[in-house]
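As given in TrEMBL:
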- B:R198, B:218-221, B:286-288, B:Q292, B:340-343, B:R520, B:531-532: substrate binding site (BINDING)
- B:E214, B:N216, B:E437: Mg(2+) binding site (BINDING)
- B:E214, B:K379, B:433-442, B:Y444, B:469-472, B:E495, B:K522, B:E528: ATP binding site (BINDING)
- B:276-376: domain 'Glutathione synthase substrate-binding' (DOMAIN)
Number of protein chains: 2
Amino acid sequence: MDGRGFLCGSLSIPSPSNSSFSHESLSRSLYFLNSQVHLPKRLSQFQPLPVLRLRCGNAQEMVTPEPSVSTPISDYHHIDQKLLQNMVYDALVWSSLHGLLIGDKSVEGSGRVPGVGLVHAPFALLPTSFPESYWRQACDLAPIFNELVDRVSLDGKFLQDALSRTKKADEFTSRLLDIHSKMLELNKKEEIRLGLHRSDYMLDEQNKSLLQIEMNTVSSSFAGLGSIVTELHRNIISHHGKLLGLDPGRIPVNTGASEFAETLAKAWCEYNNPRAVIMFVIQAEERNMYDQHWLSVVLRERHHITTIRKTLAEIDQEGELLPDGTLSLDGQPIAVIYFRAGYTPVDYPSESEWRARLMMEQSSAVKCPSISYHLVGTKKVQQELAKANVLERFLENKDDIAKLRECFAGLWSLDDSDIVRKAIESPELFVMKPQREGGGNNIYGDAVRESLLKLQQAGCEENAAYILMQRIFPANSTTYITRNGYCQKDQTISELGIFGAYLRNKDKVIVNGQSGYLMRTKVSSSDEGGVAAGFAVLDSVYLM
Amino acid sequence: MDGRGFLCGSLSIPSPSNSSFSHESLSRSLYFLNSQVHLPKRLSQFQPLPVLRLRCGNAQEMVTPEPSVSTPISDYHHIDQKLLQNMVYDALVWSSLHGLLIGDKSVEGSGRVPGVGLVHAPFALLPTSFPESYWRQACDLAPIFNELVDRVSLDGKFLQDALSRTKKADEFTSRLLDIHSKMLELNKKEEIRLGLHRSDYMLDEQNKSLLQIEMNTVSSSFAGLGSIVTELHRNIISHHGKLLGLDPGRIPVNTGASEFAETLAKAWCEYNNPRAVIMFVIQAEERNMYDQHWLSVVLRERHHITTIRKTLAEIDQEGELLPDGTLSLDGQPIAVIYFRAGYTPVDYPSESEWRARLMMEQSSAVKCPSISYHLVGTKKVQQELAKANVLERFLENKDDIAKLRECFAGLWSLDDSDIVRKAIESPELFVMKPQREGGGNNIYGDAVRESLLKLQQAGCEENAAYILMQRIFPANSTTYITRNGYCQKDQTISELGIFGAYLRNKDKVIVNGQSGYLMRTKVSSSDEGGVAAGFAVLDSVYLM
């Protein structure tokens, strides 16, 4: 789930764990839209080489240049500069008029009040090539993962056992497990179970395989803006693609926003109280609010369902658990709780937030996710599921099991002394992942060795706060990264997130499928692996 | 045309001519969305009285309160506070996702680079009541005014005579007249004539009549955002109108953006060069660029026509007049020149800009407007047309003439000593309008007396720089003015702009009709008359 908050991370100073991220690499080919544009400090450190000034607002399509019909999508190296300027300008205009927006950190209030301090979301100017066979493989996995999450969530003992050692090393997981235990004690059953997941993959260049990075079961973001950036790419290629030899039809339609909203609406229907509303649990400061608003707007316009937005603290203050189990906020019954907060310790600064979480879990509202679904998405459970013969405990279909296993990267507990020794010897082949959620916490390169040696001294309890994962080496491609009104060309790697929606009521599976996608692309650098760590931009898929 | 740039004016310190505008009046009922929001200095001077904090992003529709079905549109005084919060929040979200945006002056680059420094356009939360009979009257006038402008434009001698004294007193009008003279000397005929006008009206409360404020024949703005704000109002009332007793069907559909774009596209067709593009003449800094982009986007998406954007200085540098009269920019032929700059002396800082204007006028491109159309829109010509028996020189249809005359306010030259004496005695009954274009130049109240006395001392030549107009006294209504994420209730007056589109090729009239509308609303204060002077917000019409 480390990618969830990448937009926040992307516009802030890199955290210590990824401070080795090289900004110099970004400046190799920097194209100026306008040298007068105000830049955040970090960006202005770039020393642009080939400076190209966009003439005042040129929104012109190219008419004269010869089309280079055979240009493959992966070879953007020599796009005509005038065409490039026009595409960037058109893309910036399109983004502004079509809500591809985030809050601008430099403007106060932009994370709280809609309509102020807006800036286009960072995006790749053109979609990134992705082989169709791997695309289909990733899409096919969605319903299997959805089903797996549901099955595992029902096995309370498995979850408690798998996380028993993490519990001692990680306070946050421990608190989640406490709530989970309470629900087990109460024998609380979630009859209506709703999952809005995002499974993230990379294509490993060495092994020629699609490997799962992680499974997000809570607050899977960018179903909203992911749909919009796909529309942007289809629009840009519709108008300029001929000159680049690109076909908009090769960008898969992305219905993430409408399908997530529809699944939320169906969950609301199952709850069956027409007076009830859907509650988005949000952070008090949320610069990615427009991604969320896209879901609310579809819920309102298409499904005529009201959404309210509350922080955990507000839920603690205003919420009430009625005798029949109904969660009521300010007198209003809640049908569905959709978490866009609560996945990181930062969201629980006091006991108030934990009280709210417990109250919600105790209620009859449909939770997206329930505490069980949340725990299934932890890295430790991901690692446990990758062990031999574990999937077989939850799934019957041999084909499904084989398909899942095929996408599992190497995953190990730090109890495995052989692997730890190998990782100390060759840290570049591993990623060390803490249980801690939120972007930018993964450990790469020499820091893996240092961390492992430190843990060896500290004793084994701390080990349980981490897992080791095989380092994936995706292919590089060239991307025109566009942010803050600037466009810069660089070598990048990409991560494909496949959204999955799942809804069941008792024995009836109501929704189980793939629900759109999100490509994220970042500048590649030798000492980092995950797209989520460091700066990434919204992107989409160009099938090849 | 003083209203054209009102958004710029609205977010800047009031100019000296309207510095008497009382900001205190705005604070009478100020509702806080969030007390932490960054505010421009001017706004932060408000001393809010009833402070109401929006709980974290509440996007909830009201379910519980009793609907007040009979509330008339003009009585917003007692909207339930929670409903108000929800409507404001929804409106801010909707504006962000649907491109109801302007550049935020406080963010550098927001007037040059799209996608950065965005903020919602200031808007009235709900549309403003307007009697249906006057609405129809205003719409019916559009084709008549379109025809009148065209007829007057053909009478070069009339224009030169009408403006002969203004020419001496006003350098800007003088330069325009010079170009006009040159075209007369060359006997240059504009066979394809394109007008995208906006005629502004107010309802005079005392005389119960619809009176024209002015006729804009150049750079008539807000066809784009005007359409969007109408959509916003229909959306808000669709969701919340029942509680207020409002019907979205009573807001006239506003197709200003698509009709202006369609007329531009038809002009492009008449020019009949498929390689040619439409050029928007723009200011280098344009915070209202999204209003313009809406037209470009429709031209591109619906009509597959390319637009380019150039400043007057760029046109001088890159433009070339080919022997056949074609205007070529960087090798690209221009079919239609659409002026969104060039209407104010500020747009011509050097001879370069005047050279560009002359070159464009000499070209075969369709101009919107031609120099003749531009001159027809001057206040002096408006005043001349209001004289007895002048309309009859241009129009034959007696009904049409009567309809036009009915909407003419009193208009006088400063040569009329009787009127000047009256205005010195009762300045509150007059507005003094300088030829100078751009918002905020009109003179109201005691300043009328002072200015007239000063002019009497200076001698009569200066007189020609002004006209006197009957002061119109529109009814007050209550408006929730929303800007910078804040909403404040106040007493307001409104001005209705009716867009008109006109296109002819020789004897064939291709387009002549009303093309959407724009309501603008501002806080009323005793010492100001025009909506354009001072701060105004985008609004739409609610028929009653």
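Backbone N, Cα and C define each Cβ position, glycine as well.
Because TrEMBL annotations are produced automatically, they should be read as predictions rather than curated entries.
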I'd like to know which of the binding-site residues B:N216, B:S219, B:Q292 has the most other Cβ atoms within 10 Å of its Cβ. B:S219
Quick check for the class: what is the C-alpha distance, in angstrom and rounded, between B:R471 (ATP binding site) and B:E214 (Mg(2+) binding site)? 13
For B:R471 (ATP binding site), what is the secondary structure state per DSSP, taken as helix, strand or coil? coil
Taking just the CA atoms, what is the gap between B:Q292 (substrate binding site) and B:N216 (Mg(2+) binding site) in Å? 16
When pLDDT is averaged across the domain 'Glutathione synthase substrate-binding' (B:276-376), the result is 97
Residues near B:R198 (substrate binding site) in space but at least six apart in sequence (CB under 8 A): B:M215, B:N216, B:S220, B:S221, B:F222, B:A223, B:G497, B:I498, B:F499, B:G500, B:L518
Rounded to a whole number of Å, the separation of the Cα atoms of B:E214 (Mg(2+) binding site) and B:Y444 (ATP binding site) comes to 16
Using a 10 Å radius on the Cβ of B:S221 (substrate binding site), the other Cβ atoms enclosed count 22
Between B:R471, B:K522, which of the binding-site residues has its C-beta surrounded by the fewest other C-beta atoms within 10 Å? B:R471
Closest of B:S219, B:R287, B:A341, B:Y343 to B:P434 (ATP binding site), Cα positions, binding-site residues only: B:Y343
Counting across all protein chains present, how many other Cβ atoms fall within 10 Å of the Cβ of B:Y343 (substrate binding site)? 26
Go ahead and report the DSSP secondary structure tallies for the domain 'Glutathione synthase substrate-binding' (B:276-376): helix first, then strand, then coil. 43 helix, 26 strand, 32 coil
